[in-house]
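This report refers to the structure that appears directly beneath it.
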């Protein structure tokens, strides 16, 4: 009898064997319902064979086959199989992650009826001026008069569901549902919107990509902020859609704005589907199916849209390719950018990686000849670059982390009826210990790196060599007792600014204040209306948002990036600074950027200010080569957590011994730790980690694979929660 090897969404790196009943035929990639323990579960057939490691009479039969054909396309299936192996993650978890929720639940892989809004007869004739007191209702009814609006697309528009419900209450709009009809956009395809005239650099980029349209090619589109990268994407898509092929456009979580989506919808007379967190399960399945059967011409989405099946994919675009949100930080820790390149190679199509501040790994791949670079160096509209200033904080009396000079400049810009942005980049920065009076930083005597401050354990610790020392009472350089951790949080800053600027509306935009659905849009709308004059934010604010009245931008905790134990923090700061500089001074207003630091002479600041991001990247790549850090080497991070701060370090020490005893290990394998994680305690659990480094990615993969096969033999393995992160981007 045939045996189905079934992947289930459980944290075990294996498949489970079931007998296929007489007459039941399934293929790899089809869903089945199987008995598992005392219940039935949905599984995915990974393979079918005639044998099992267990006696056949001990196997249970498959209860039901749910699909005649695989739910995955051939290329996505190959991608997922490879990714499960590369990231050492359970195959069942990987396969289920790539499916819409309704398919995970066993629902049919077919379209369900969708709801849409339409204008009633009264709504078609009523005077729109009667709604002028409610701008959103007026906008909504005007849009409905142009045609029906699918309910799942309301979040992409300038009005909201509440406005439509209000119109419904007045008898001007109504809801109905219908099964989406299979439509072919290709016969009526045209470019609907206005084309902008491409400059020479843009035209060269479009031509180069078009010349390689029939094979794999990876292009870095490096363009300064405001240089017109989106127009290049649109022109490339124009060529792809004209051939009847489809396009996948990936954007960071925060970049999926109504304005971005509108640009694509207005340009093409072809269906654009958007995959984002605001969709309900049936809407997400509908968009997924439209891509699979070829109905969707363009899919725009965040990280997980990478796994969408397409009937005939012609190009992949990854906007802001350096953005850290492309790396999944929970569960299966994959990097969508890296997997997208793998997929493009498998599909034999071009991929475009766009950024004003390319990741060092991407620039390294250009140097290695794996990618080709296209550069856009001219800013659209000849906007003037912002004026840049560095404020030395040493010995200055600070209020809420702000120097007197910065507070004075803020007052001047606010009095001119402009807006001010204050940036904090706390995410991923490890705190260092700094003397406020002379600028001394606690430095490890054995390494060329800075101690990380661990307040809870009352000590300084080096995350490179693991040496530690007590927190000093006074500065060894000047004797001052004014020793402070570098950095301040957005919440404390908001509270401290209120008494300094009592009449000025303040808006804080970070993950805490925008976690509720629609909250980010509400904050941004308030900013555009002029309702908030001071904006406090993290990197979320730096990405692509156009604030015409912002003329002053300040980065407050620069030292946190310059002296972090995380070797990537300088790169992240350089990217943030470059993006932020583009936020100040648009719409004909002169912008100003102010950096606050205790170390104005720092080489990184000097390079960034006077030579720009490209020069910084050259310098940073050279430094990483000297220190043998990625991209010159490969990393795997293994983190363990416990409740008592004892089992996790013990487990990791046992694991370290196992790794170093591996017959595959050689003198080039470098292991750091166990050391406390940069955030040593979260949710009541203590976190420890070890970092593995090797110049050969393939060799490191073999070492890790061999060790993981033995990990459950370790005495502490079942007493801790542990995770493995291949190519980690955060320490």
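Using N, Cα and C of the backbone, Cβ positions are placed for all residues, glycine too.
Owing to the predicted nature of the structure, the values given are computational and were not obtained by experimental measurement.
As written in Swiss-Prot, here are the features:
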- 1-98: region '3'BD' (REGION)
- 115-177: region 'WH' (REGION)
- 200-375: region 'Helicase lobe 1' (REGION)
- 210-376: domain 'Helicase ATP-binding' (DOMAIN)
- 223, 224, 225, 226, 227, 228, 229, 230: ATP binding site (BINDING)
- 226, 228, 229, 230, 231, 263, 543: ADP binding site (BINDING)
- 319-322: motif 'DEAH box' (MOTIF)
- 326-340: motif 'Aromatic-rich loop (ARL)' (MOTIF)
- 387-430: region 'Helicase lobe 2, N-terminus' (REGION)
- 431-485: region 'CRR' (REGION)
- 435, 438, 475, 478: Zn(2+) 1 binding site (BINDING)
- 444, 447, 462, 465: Zn(2+) 2 binding site (BINDING)
- 470-637: domain 'Helicase C-terminal' (DOMAIN)
- 486-626: region 'Helicase lobe 2, C-terminus' (REGION)
- 633-731: region 'CTD' (REGION)
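For the region 'Helicase lobe 2, C-terminus' (486-626), the predicted model reports an average pLDDT of 80. Sequence-distant contacts (6 or more apart, same chain, Cβ under 8 Å) of residue 223 (ATP binding site) comprise 229, 232, 354, 355, 356, 375, 376, 377. In sequence order, 436, 437, 439, 440, 476, 477, 479, 480, 482, 483 are the same-chain residues whose CB sits within 8 A of the CB centroid of 435, 438, 475, 478, the residues recorded for Zn(2+) 1 being left out. In the region '3'BD' (1-98), helix, strand and coil residues by DSSP number 23 helix, 29 strand, 46 coil. Cα separation, residue 462 (Zn(2+) 2 binding site) to residue 475 (Zn(2+) 1 binding site), rounded: 18 Å. Comparing C-alpha positions, residue 224 (ATP binding site) sits nearest to 263 among the binding-site residues 263, 435, 465, 478. Counting residues 6+ beyond its ends, the motif 'Aromatic-rich loop (ARL)' (326-340) has Cβ neighbours under 8 Å at 79, 83, 87, 89, 93-94, 97, 250, 252, 303-304, 306, 316, 318, 351, 353, 359, 723-730 in the same chain. Ranking the binding-site residues 226, 228 by other CB atoms within 10 A of the CB puts 226 at the bottom. Residue environment of residue 263 (ADP binding site) contains 16 other Cβ atoms, counted within 10 Å of its Cβ in all protein chains. Sequence-distant neighbours of the region 'Helicase lobe 2, N-terminus' (387-430) (same chain, 6+ residues past either end, Cβ-Cβ under 8 Å): 324, 436-439, 452-453, 463, 486-490, 492-493, 496-497, 500-501, 504, 527, 530, 532-539, 541-542, 547, 549-557, 560-561, 564-566, 568-569, 572-573, 576, 580-581, 583-584, 589-598, 600, 605, 609, 678, 730-731. Around the Cβ of residue 230 (ATP binding site), 19 further Cβ atoms fall within 10 Å across all displayed protein chains.
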